[in-house]
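**Student:** In case it helps, TrEMBL gives these features for our protein:
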- E96, R97, V142, V255, W533, H534, G562, P573, Q574: FAD binding site (BINDING)
- C469-C525: disulfide bond (DISULFID)
- 299-313: domain 'Glucose-methanol-choline oxidoreductase N-terminal' (DOMAIN)
- 1-31: signal peptide (SIGNAL)
Amino acid sequence: MAVVIGAVLPVIVKLFLLLLCLNFNYSLTQARKWESWKDKYPFIKPASSFSSSNAWSSGSGSSKGHNYDYIIVGGGTAGCPLAATLSQKFSVLLLERGGVPFANANVSLMQNFHISLADTSPASASQIFASTDGVFNARARVLGGGTCINAGFYSRASKSYIKKAGWDSKLVNESFPWIEKQIVHRPILAPWQKAVSDGLLEVGISPYNGFTYDHIYGTKFGGTLFDRFGHRKTAADLLTSANPEKLDVLVHAIVQKIEFDTSGRKPRAVGVIFKDEKGNQHKAFLSKRKGSEVIVSSGAIGSPQILLLSGIGPKAELKKLDISVVLDNKFVGKGMSDNPLNTIFVPTNRPVQQSLIQTVGITKMGVYIEASSGYGETEDSIHCHHGIVSAEIGQLSAIPPKQRTLEAIEVYKRNKKHVPQEAFRGGFILEKLATPLSTGHISLKSTKIDDSPSVTFNYFSHPRDLKRCVDSIRIVEKIVKSKHFTTYAQCDKETLDKLLNMSVQANINLIPKHTNDTESLEQFCKDTVITIWHYHGGCQVGKVVTPDYRVINVNRLRVIDGSTFNESPGTNPQATVLMMGRYMGVKILRERLGRAAGL
């Protein structure tokens with residue numbers, strides 16, 4: 001035995017050193033990437049570098065003068081591919097209110113996924129807000145938008161969704177691969193994801209479709225923005241496909257309003273007013289050439305907010321805040337919807353590998369079943385206070401909102417420090433409604449762009465939504481009891497009631513809890529509802545914008561992002577929103593240039 005150990009030990013040591021070297025070299029490589037992002041993206045600059053008297057700074061020498069052919073408000077999931085595409089032929093100014101993602105470990109590393117969501121500092125990549133429903137939510141505040149703070153899951157919209165949207169299927173099928181070749185990976189399926197997948201198949205969510213980007217009924221695993229090292233790609237990486245001679249990207253550029261010429265029959269967008277990171281105000285203007293446009297791509301919260309602040313919206317609401325009415329449109333900010341999410345926490349009898357969304361069960365009853373597991377951080381991080389919206393299990397959710405005093409918050413923080421690490425050993429099974437019938441609205445609290453507007457989603461206000469939630473929780477119960485899944489359970493005889501009770505404590509929202517949560521699945525759905533950040537609406541097609549996303553009755557203004565959706569596409573919308581940016585960029589170029597677009 002000693003001889004065998006003596007022979008094997010050097011091999012083990014060499015393998016260990018090789019792995020250590022590979023990890024070290026990878027870390028160095030990433031560090032160098034972060035340090036060199038300015039060389040890779042010379043067109044990305046702080047907003048304070050902008051001069052209104054020298055708006056066009058990329059030196060193209062064209063007849064544009066100091067104005068831009070396109071001004072894109074929001075460098076997010078749609079805005080980045082849109083800017084990269086339009087810059088192939090025209091001058092583009094992309095304005096992003098946040099910073100860059102490249103040197104931000106909380107964005108780039110999967111193990112830090114929860115930290116950026118829990119970070120409530122002004123420099124955070126996410127901006128926390130709570131809807132009037134009492135559910136904590138987040139808005140991206142970084143170049144790359146939601147692709148920087150989400151779980152990375154990538155799955156296309158269904159063919160029926162694309163047809164219903166009126167999109168050109170040929171161009172859609174060209175635009176998806178353009179995204180996928182640059183930033184999407186095939187994941188290595190984590191054990192927890194495999195267990196959930198097997199459980200889904202056992203309870204009848206079939207067939208098994210394996211790895212695919214496509215939206216197909218049954219069980220599958222999709223793409224991810226994380227590579228095999230757990231390093232994230234984002235929409236900002238798509239800017240490498242831009243023409244650097246025709247693109248200016250300004251970060252920490254907070255657009256306050258769109259400027260209009262109202263002397264004609266219809267208001268006409270002429271530029272934007274924004275402030276830089278030092279608080280100084282600037283104006284950027286469109287070229288007078290035919291076809292130049294301001295394009296708002298600020299997401300389902302930001303886009304209706306900017307339209308309202310710019311004077312486009314319900315006349316009565318605008319006048320209450322002394323906003324000059326440019327166009328009376330009662331639908332701006334209406335039709336807001338968020339796909340409600342309810343989760344079941346399942347403790348395990350062993351440590352589980354961290355995994356975000358990989359497996360999904362696409363049912364015919366209008367719900368999706370997904371999964372996540374593990375925890376990427378150390379025990380010290382678990383015991384740290386990550387803010388009132390910590391991703392960890394907390395006790396604050398059980399305290400009625402009016403009793404959430406500073407003292408109560410301090411007690412919550414102290415109690416959390418004593419939560420054993422074993423409490424985080426487990427995973428979640430998530431159920432999400434595909435097409436909620438419950439809708440809400442967004443309205444301004446003030447005329448300050450920095451203030452998040454008031455948002456109401458009215459979760460489960462429609463009885464059919466509540467019924468679907470109850471039905472899906474019953475599917476989750478079957479999955480937990482399935483023979484493939486019980487090998488992970490901490491206790492084979494764990495009852496659903498106990499799991500539901502644990503899940504009530506794990507879900508953090510501002511909704512007071514009821515004592516009968518486990519007796520009434522309807523009450524459980526209402527009390528534990530959270531978000532998976534798939535909110536949409538506010539600038540919907542046919543009400544605020546035309547099918548080609550031009551703002552109705554306004555010239556030279558479009559909205560291109562998820563705020564235009566009536567329904568959230570696919571299991572997770574980011575693939576479709578990314579595609580939409582590329583798709584509309586190509587479509588606009590072809591409409592304007594014809595064959596000369598050359599795409």
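Placement of Cβ uses the backbone N, Cα and C atoms for every residue, glycine included.
Worth saying up front: this structure is predicted, and the values here are computed from it rather than measured.
How buried are the listed features, and what sits near them?
**Tutor:** All protein chains shown were included, and the count of other CB atoms within 10 Å of the CB of G562 (FAD binding site) stands at 28.
Counting every protein chain shown, the Cβ of C469 (disulfide bond) has 27 other Cβ atoms within 10 Å.
Mean pLDDT for the domain 'Glucose-methanol-choline oxidoreductase N-terminal' (299-313) in the predicted structure: 98.
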**Student:** What are the helix, strand and coil residue counts for the domain 'Glucose-methanol-choline oxidoreductase N-terminal' (299-313) according to DSSP?
**Tutor:** 11 helix, 2 strand, 2 coil
**Student:** To the nearest Å, how far is the Cα of G562 (FAD binding site) from the Cα of C469 (disulfide bond)?
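**Tutor:** Between the Cα atoms of G562 (FAD binding site) and C469 (disulfide bond), the distance comes to 24 Å.
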**Student:** Consider the binding-site residues E96, V142, W533, Q574 and say which one has the Cα lying nearest the Cα of C525 (disulfide bond).
**Tutor:** W533
**Student:** For each of the recorded positions (V142, C525), count the other CB atoms lying within 10 A of its CB, then report the residue with the highest count.
**Tutor:** V142
**Student:** Let me spell it out: for each of the binding-site residues (E96, W533, Q574), count the other Cβ atoms within 10 Å of that residue's Cβ, using every protein chain shown. Which one has the most?
**Tutor:** E96
